[in-house]
Amino acid sequence: MSRTYFGTDGIRGAVGQAPITPDFVLRLGHAVGRVLKSQQTSPASRPTVLIGKDTRISGYMLESALEAGFASAGVDVLLTGPLPTPGVAYLTRALRLSLGVVISASHNPYGDNGIKFFSAKGEKLPDSWEQQVEATVEEAAQWVDSSGLGKARRLDDAQGRYIEFCKSTVAGELSLKGLKLVVDGAHGAAYQVAPAVFHELGAEVISIGCNPNGLNINDGFGATHPEALVSAVQAHQADYGIALDGDADRLQLVDATGRLYNGDELLYLMTLDRLAAEPSEDAAPSRVGVPGVVGTLMTNLAVEQALAARGVAFVRAKVGDRYVLEELLARGWQLGGEGSGHLIALDKHTTGDGLVSALQVLQAVVRSGRTLAQLLEGLTLFPQVLLNVRLQPGQDWKASAALAEAQRESLAELGERGRILIRPSGTEPLLRVMVEASDAALAQRCAQRMADAVRRA
């Protein structure tokens, strides 16, 4: 069953255009509240939801609309103010709440916003739940009596609680003293908590992208604009740089030389660190500590091959961290992620967390006594070209004869030296054309051929 409003990461769009309007968001809050109450085992109890947001100026408006919608359905609300998405997931679980809600459009510019939800366990909710919400949104509202209206209040020290949680995901004796770090908060949800986490663990911290004004989230800073981080690391002669996106659920990492490390490399490093912590080589055949790793259709082939060489199973999920999580839960595995920097370590958190992931990487560096580059010496990624082609309204790229022909030509040219992946974005009107090959020029040539075919269609 298709969904009208929900994409791969909640509901997202331009502010002021359906569905990111105050009236729809109020209806959405009301519908979600009704769904929550219908699932209660005890009708006498009242659900409580947690609402967090990033730093977009539209967050104030949408927060108020959601709050009103929930209250009108008889649901209580706790408000955190600006807080990373994984912080909302953590607090929802830690405080035994009914639902977590995040108002954010992640890495998108400030003119966009979105809403996503977490279960009481701090996990992203399945498609079936979203379909139930969409059906309820279309029904007539069922306002509760005044005596049954929900209440709203601010949650004290939400940021401090999350900071302590992040620190708890690494060994108690871990110290980052002696490390100079540049931390880029993307002018987003982590602008206060990110520098604090690393500072409290002993690092010298230089903050950039930590001065939000409501209009500058992701603007020239953050995980989608790592050039700012590279420049700052080199200017300050820092050891490493850490860039988060607007809601801090993913990261980019830079070393002292300015080299960028993507999510594929960091996922492999996290796997190596856990393998190194296994009690003996006798455990290698079963890999009790790391039986398998989940990537996506976009994960670099070199990672799959390197894991196989170490006896670690690898499975590809659909693109999107929610699908990585579903695969991990189904298999009982712990580690998964995407090249974009969404990394999941279920032994640490229930969802992807840029700060927690960065701490896992730094912990591996500190306790090994080696640099990040040295730890990854055995991994050489295949050249991968990703082109984003904007689709016109109503454009049916699947029916394009020109694209089909360009794809046939590219497959013939690649042979067994590479692979092709063409897929639409789940959040924007874009077609993503990815080619991975043993030769960079070959990958670029094939990707450009197919992208040009889409533009001509």
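Cβ from N, Cα, C; glycine included.
In the three-state DSSP classification, ASP247 (Mg(2+) binding site) falls within coil. Within 10 Å of the C-beta of ASP247 (Mg(2+) binding site) we count 34 further C-beta atoms, all protein chains included. Sequence annotations record features per position, and here Swiss-Prot assigns Mg(2+) binding site to SER106, ASP245, ASP247, ASP249 based on sequence analysis.
In three-state terms derived from DSSP, SER106 (Mg(2+) binding site) belongs to neither a helical nor a strand segment and is classed as coil. Residue density at SER106 (Mg(2+) binding site): 30 other Cβ atoms are found within 10 A of its Cβ, drawing on all protein chains shown. Annotated phosphoserine per Swiss-Prot: SER106, in sequence order, evidence recorded as sequence analysis.
Positions annotated as active site, phosphoserine intermediate by Swiss-Prot: SER106.
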Long-range neighbours only, meaning 6 or more apart in sequence with Cβ under 8 Å: which ones does ASP249 (Mg(2+) binding site) have?
PRO84, THR85, PRO86, SER106, ASP321, HIS342, THR351, GLY352, ASP353, GLY354
